[in-house]
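> Take this structure first; my questions come after.
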Amino acid sequence: MSWSILELLRKNPEDLKNNLKRRAIDVSLVDKAVELDKKWRQVLQEVEKLRHQHNVLSSQISKLSGEERKKKIEESKNLLKILEEKEKELEEIENERDRLLSSLPNLVADDVPNGPDDSYNVPIKFWGKFKVYEGDVQEFLKQIKDAKVNYEVIKWKPKGHAEMLEDVLHLGNTLKAAEIAGSRFYYLFNDIVWLDFSLLLFAIDYITQQGYTLVLPPYMLRGEVIQSVIDLDTFKDAIYKIENEDLYLIATAEHPIAAMFFKEEIEKDKLPLKFAGISPAFRKEASAANKDLKGIFRVHQFHKVEQFIFSTPEDSWKYHSELITNAESIFQQLELPYRIVNIASGDLGACAAKKFDLEVWMPAQAKFREMVSCSNCTDWQAFRMKIRYVDRKNNRRGYVHTLNSTAIASTRTITAILENYQREDGVVEVPKVLRKYLEAFPKAPKDYIYPLKNKII
């Protein structure tokens, strides 16, 4: 099976144009690619004809002798030079065509909402009991629209996670971190650190019980690899590069896991391959210069557990559903109320054919905030990384499909816990599902996180 974008280019370039229009992409690139592909196929025919002629000559030479043999050998040498030049031309055209096609985003799935930005995202599910301050009820109802949800109106206004972390609990300090490292860094202390680790342990415990292989991946990738996994030209302001080194810090375990089979083939009967990666995540957040400046919701480093699947093309949508179901189960066990959102075409990243976000209700902010991103990247990454499956039984090869989803992003989930589990007196309840991961440690919180009387720093 050929790459889906190339296949659509050949079968129906107008459909490819229409697909790109859903992302507001310049469709003139399709016309350029069509011309390059026509040229490639034309030169390929010439190359195949020359190869045939050379094979015929080689066969004739083996049966000749004397001057006739010398004449044919010279003719063969000249033909070989022409063939080599044509093969070089073919390779150059193919590289130019594939470079152009590789600059295109993935094909958008049919059931993705059309729209240029996140205002066109469509909520498709709500879960849990939503805690809503009495002054925010109208705003809440506006956000849920006509959905039937279970919510509780409270008379006291919950404090934002940043205030809870630094001014109430005294278990974090972003100002001092900013002095020594810059904005969007933090110090976390004692019970919040235990909470961070318990979230990670819970996530890897749950996901591995679903049959996923636990992975601790490299925290850096070479330029060639990261360029294949993501659209680096678009995301260069989001990724940290090591100065004077061909190395980039990873933004998620998705990237090194996706590259695990870089330029390799996988036997079809071994698919699916399911992994749970745990790693730090490093992000510049340059495009979010004025967003979430306080607290630890949007930061340059955090811990993350990622789900990742290599799949056959025919099964990838089934596994996309599995990934978001796993993520939902995690947040249901944490008892954090959320909604699932089908992301609009103009808000999709280049890699994804379709993406679900899981957004938790934040009662202090009176809004839903993204905790999980779950994408089916179909063959977009696999083509760029040259990862194929081999079907020996039917003598076929094709590109695998890759899928990814957050299981837990620790700092974001902590912000959701601080806002949803706080009491009016400032005490924060530890989610019940996390408590067994804390029991073995004498200094870890067990049931509640209590405010300190004094700041640590």
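Cβ coordinates are placed from backbone N, Cα and C, and glycine is handled just like the others.
Pulled the feature table from Swiss-Prot, pasting it below:
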type    : residues                                       : note
BINDING : T252, A253, E254, E306, T406                   : L-serine binding site
BINDING : R283, K284, E285, V299, E370, M371, V372, S373 : ATP binding site
> Counting distance between Cα atoms, which of the binding-site residues A253, E254, E306 is nearest M371 (ATP binding site)?
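The answer is E306.
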> In Å, how long is the longest CA to CA span across R283, K284, E285, V299, E370, M371, V372, S373, which the record gives as the ATP binders?
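Value for the max Cα separation, rounded to a whole number: 19 Å.
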> Quick check: which same-chain residues outside T252, A253, E254, E306, T406 lie with their CB within 8 A of the centre of the L-serine site CB atoms?
H255, I257, G277, S279, A281, K304, V305, Q307, F308, N404, S405
> Can you tell which of the binding-site residues (T252, S373, T406) has the fewest other C-beta atoms within 10 angstroms of its C-beta?
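Looking at the binding-site residues T252, S373, T406, the Cβ with the fewest others within 10 Å is that of S373.
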> What Cα-Cα separation, expressed in whole Å, is found between R283 (ATP binding site) and E254 (L-serine binding site)?
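Between the Cα atoms of R283 (ATP binding site) and E254 (L-serine binding site), the distance comes to 14 Å.
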> What does DSSP say about S373 (ATP binding site): helix, strand or coil?
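Looking at the DSSP assignment, S373 (ATP binding site) belongs to a strand.
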> What is the one among the binding-site residues E306, E370 whose Cβ has the most other Cβ atoms less than or equal to 10 Å away?
E306
> Whole-number Å only: compute the distance from the Cα of E370 (ATP binding site) to the Cα of T406 (L-serine binding site).
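About 11 Å separate the Cα atoms of these two residues.
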> Based on the record's binding annotation for L-serine (T252, A253, E254, E306, T406), what whole-number value in Å is the widest Cα to Cα distance?
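Between the most distant Cα atoms of the L-serine site, 10 Å.
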> Looking at the binding-site residues A253, M371, which one has the fewest other Cβ atoms within 10 Å of its own Cβ?
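Each of the binding-site residues A253, M371 was scored; lowest Cβ tally within 10 Å is M371.
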> For the binding-site residues listed here (E254, E285), tell me which residue's CB has the most neighbouring CB atoms inside 10 Å.
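Output for this query is E254.
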> Take the Cβ of R283 (ATP binding site) and count every other Cβ within 10 Å, whichever protein chain it belongs to.
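R283 (ATP binding site) is surrounded by 20 other Cβ atoms within 10 Å.
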> Taking the Cβ of K284 (ATP binding site) as the reference point, list residues of the same chain whose Cβ is under 8 angstroms away and which are at least six residues distant in sequence.
D237, A238, I239, Y240, H300
> How long is the line from the C-alpha of E285 (ATP binding site) to the C-alpha of T406 (L-serine binding site), rounded to the nearest angstrom?
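Counting only the Cα atoms, the answer is 18 Å.
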> Write down the Cα-Cα distance for S373 (ATP binding site) and E254 (L-serine binding site), rounded and given in Å.
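About 11 Å separates the two Cα atoms.
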